[in-house]
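J.: Take this structure first; my questions come after.
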Amino acid sequence: MTRTKASGRSIRNLSALVLAAAVVTGAAACAGTSAEPAAGTSAPDASASATATTAPAGTITVFAAASLKATFTKLGTDFEAANPGTTVTFSFAGSSDLVTQITGGAPADVFASADTKNMTKLTAATLVSGTPVDFATNILEIATPPGNPAGVKSFQDLANPDITTVICAPAVPCGAATVTVEQATGVTIPAVSEESAVTDVLGKVSSGEADAGLVYATDVQGAGSTVEGVPFAESSAAVNTYPIAALSATKSPGLAQAFIDYVTGADGQAVLTTAGFGKP
Amino acid sequence: MPRIAPSGPGSVPRWVLAIAIIGALFVVLPLVAMVVRVNWGEFIPLITSESSVDALLLSLRTSAAATALCIVFGVPMALVLARTSFPGQRIARSLVLLPLVLPPVVGGIALLYTFGRQGLLREPMNVLGIQIAFSTTAVILAQTFVALPFLVLSLEGALRTVGTRYEAVAATLGAGPTTVLRRITLPLVLPALVSGSVLSFARALGEFGATLTFAGSLQGVTRTLPLEIYLQRETDPDTAVALALVLVAVAVLVVGLAHQAGSRTRAGGGLL
Amino acid sequence: MSFSFSATVARRGFDVSFELAEGETLAVLGPNGSGKSTLLNLIAGLLTPDAGEAVLGGETLFRGRVFTPPHARGISLLAQEALLFPHLSVLNNVAFGPTSAGVKRADALRTARRWLAEVDASEFETRRPAQLSGGQTQRIAVARALAAEPRLLLLDEPMAALDVAVAPAIRRMLRRVLEKRTAIIVTHDVLDAFTLADRVIVIDRGHVVEDGPTRSVLEQPRDPFTAGIAGLNVLAGIRTAGGMRTAAGDELQLPGPADVTPGTACTAAIRPSGIRISGERPAGAANSLRRVVRDLEPRGDLVRLGSDDLAADVAPALVADLDVTPGSSVWFSFEPADATLYATAR
């Protein structure tokens, strides 16, 4: 599990928070009095005062699936910049681990899951406030070592036992998706290894031990030049949907909702698309 | 031999006892917590599922093979370190013991760069037609890599403790170096050899990081018990904790048996 | 099996040579750190000399680049500690030498039993070394060393670690088994040398300072260490017509052998038990020397009074009567019969 602060300078954040609080209370106490001098020290004046009145300032903690680490870290920074006085803290881990932690009372405000199954566990336990919203999709893609030495062109190629293919174990989400695609296409992959995590699949491919691996499109994107992606049409048989929801235990429901709106909004979607995610 | 300290329980200051108890609880409580979490109603079906049995058998098989390799290579290594002196010996010892402090994942990466398809030995291995990646052999290599220092370390220590006086006497009685090794040196350090082998076996049994990185994870081929536990944890915590308990039980059993064997040879040998 | 030895080890200041005839037992005496252990290790092959040569029964043990490893030398080493192999039974310990030499197991066991009987230890054959007393282990160590049929037997203070009570029995046993055997025994105990050895060499600081038949070396020592170990006082001086004049200028009345002519360097050895102590100069004593007592040391039922060059063993009652303390000045007297005079150069 990794815990990251979207913005590293906590002392600066704290002072910004105090300022923002002063703006809000000041605005409430003496309406009509200009808050300009106080707010003037932070970012663009217009947006600052605008958000300060719509979104409450404060800190929220977002529990997000490990596959969202890169995108959500960026989204958090962007969100903080757009909403001065707010701080978004992240905890990234496997979705099922996060569900275990939330059920165990971990202080989370928002949960972004890599699949609907884990989100359903939380809704069933009535730990979710409102209805989860789907904000992204992800599909499988073939990853090959740079240069694609085995010449993998299609999903059918993976049935060739001469092509060393590594996949995820059926017990983990990417492996479940792999099984779904295999069943839909009737192609059986004689995998040499069924890994427990996407990173292990990528590791075997990027090191050249395996000729091909089945991972998510976003993983191929995130791995940069260490692997090459081979998209395939059959991946549509298993589209993985990412839902996000505020949790009922949150003490900042307004800020939590603001963050969810940001993720599902135009800015958030643009960042997700760049990272290889599909539209919900 | 069940003996209490000769001077009775009062021979240790109370505060030492108190801290020792806290330390012991720190080790024992997590085990208790695990036992408490086991779904006993489903325990037998959980641990006798095909994948669980495959993982357990694979673990026992590979750990035994790794221990055998540790003995074959570790005994000569310990002898050379304890009984000879050569330039750079201290550095050689540090390097040999490195896997003890190396994170297993790093060990796995290092093995990959050595025996992998793109590794250092790819040319000779291609010529010989050896494919190690994703095979049970890879698991055994990973386990041997992390377990070898345990055997070398305990054996070297014992060799130094025993000293060379018995060996010198044996030589003056007409025994050649190989006879001395077979009839004097090895019997004298047998308890250490047994306990070192047990440590190696236990370490091999628990090996996870290097295997995951180097060997992959396929049922019956490379997915050992720790890898199965790690995988089951994702979806089926009940199976994971049940298997974890099996792993602990096997480890305790092996260590206990070896301890028995060790104390028997000790009693017989009257040494150490 | 005659043996000749000559070796130097520069870093230990060791330079020793001697010869040993077939069937001869040699005692090596010397203070701690004099090089006795170095000598045994060189002979056994546990140490390599810088230079030298050793030949045992016509076979070279070392010379130049030639070096016979310990197991091929046919030399058994019996150390101060028995060092019985703890994991083997007594019988298997004794049979170790023969089996290592490739003797068939049944024959090796027969040899082992014979040697156990020889050292009166047959009853222990099934025991483990941990179940034996010190004297018993040393007997078995002797049997083990002899069962290997060594051409040369080395004994390194074999009785030093034993109770005084068991040492005499072991010494008798060694005397029996060492007869007609080529052996070298390192010892601190002059009694060992007298009982077991035909010849003695004394080593000091890595060099041989005395070499000769046991009796002549121990009864007429020229080296202070030898005198000390032999329990004798030695006074060096010049031969006079009636005796000798010591370096300190004392005139002694001593008969001497005819070949020690007046004016030549000579040495007198005086037994401490032959020296009388008195407060006044005794009338009628042949030789009386006034000395300051430096120390008093209990020795059995006697007390040894030490001066700078003379020591005397006297009854405690006399010490009390004369009120002798360190610093007291008393007379040391002895009769010619308690002293031996001999030429210093031998």
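The backbone N, Cα and C atoms fix where each Cβ goes, and this holds for glycine too.
So TrEMBL says this about it:
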SIGNAL    A:1-31  signal peptide
BINDING   A:Ser67, A:Ser95, A:Val198, A:Tyr216  molybdate binding site
J.: Return the residues near A:Ser95 (molybdate binding site) by Cβ distance under 8 Å, restricted to its own chain and a separation of at least 6 in sequence.
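T.: Within the chain, A:Ser95 (molybdate binding site) has Cβ neighbours under 8 Å at A:Ala65, A:Ser113, A:Ala114, A:Asp115, A:Asn118, A:Pro173.
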J.: Compile a sequence-ordered list of residues in the same chain as A:Ser67 (molybdate binding site), six or more apart from it, whose Cβ lies below 8 A from its Cβ; state 'none' when nothing qualifies.
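T.: Listed in sequence order, they are A:Ala114, A:Asn138, A:Val198, A:Tyr216, A:Thr218, A:Asp219.
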J.: Compare all C-alpha positions of A:Ser67, A:Ser95, A:Val198, A:Tyr216, the record's molybdate binders, and send over the largest distance in angstrom.
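T.: Max span of the molybdate binding residues, Cα based, is 15 Å.
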J.: Determine the Cβ neighbour count for A:Val198 (molybdate binding site): the number of other Cβ atoms within 10 Å of its Cβ.
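T.: I count 24 other Cβ atoms within 10 Å of it.
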J.: Given the recorded molybdate site (A:Ser67, A:Ser95, A:Val198, A:Tyr216), which additional residues of the same chain have their Cβ within 8 Å of the Cβ centre, ordered by sequence?
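T.: Neighbours found: A:Ala65, A:Ala66, A:Ala114, A:Asn138, A:Pro173, A:Cys174, A:Thr218, A:Asp219, A:Asn240.
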J.: Count the other Cβ atoms sitting within 10 Å of the Cβ of A:Tyr216 (molybdate binding site), across every protein chain shown.
T.: 25
J.: Per DSSP, A:Tyr216 (molybdate binding site) is which: helix, strand or coil?
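T.: For A:Tyr216 (molybdate binding site) - judged by DSSP and reduced to three states - the answer is strand.
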